[in-house]
Amino acid sequence: MRMGWIRHGVTSWNKAGKIQGATDIPLSAEGEMQAQRLAHRLAHESWIWDGVVSSDLQRAAKTGQILADRLGLPLLKDARLRERSFGEAEGTTEEERIARWGEKWRGNVPGQETDEQVRARGLAFVEHFSARHAGESWLVVTHGSFLAQVLQALRTGLDDLHIANLSLTILDREGDGWVPILHNCTAHLNDD
């Protein structure tokens with residue numbers, strides 16, 4: 001099994017520095033262009049993909065649709081791939097969060113999904129999906145905080161400080177573990 005993990009394209013809230021979480025924000029025009037650039041890259045690389053599965057939130061679903069259309073692949077949607085709920089912090093900037101909950105706001109926001117809850121949801125998806133699609137290769141379009149937690153759970157030591165918009169991380173399943181082939185790559189966004 002191979003999984004190509006992708007963070008959705010940029011949104012207006014990403015640009016404004018606002019946490020999105022489970023709030024359903026659409027891709028911006030720039031985000032759609034980023035998705036087109038990744039689709040172009042994938043269409044010209046040697047990796048063969050069997051399908052695309054995405055979060056059902058529109059910023060990830062639209063990114064997934066652009067990839068699936070360009071590559072001629074089926075698109076599935078799975079709510080388990082949704083971004084972490086940030087509770088009352090959704091829609092706020094870093095400055096607003098610090099003013100309201102302090103410098104260590106991440107542990108103080110009411111209604112926020114914990115790291116452990118996010119990892120459990122992510123690992124449940126990975127185990128179910130990889131068992132159902134053993135031997136296949138799928139692109140998985142999801143969200144930054146969710147993806148950072150899942151990657152850490154699958155492969156301790158992967159840098160998860162910032163998962164870039166439209167980055168590509170490829171992991172291959174080998175036995176009971178996952179081996180990184182590519183991590184947080186955005187080369188397709190730098191091509192002119």
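A Cβ is built for glycine as well, from the same backbone N, Cα and C atoms used for every other residue.
Caution: TrEMBL annotation is automatic and unverified by curators.
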Which of R41, R59, R70 does TrEMBL put in the same substrate site as R7, H8, G9, V10, T11, S12, W13, N14?
R59
How far is it from T11 (substrate binding site) to E83 (active site, proton donor/acceptor), counting Cα to Cα, in Å?
14
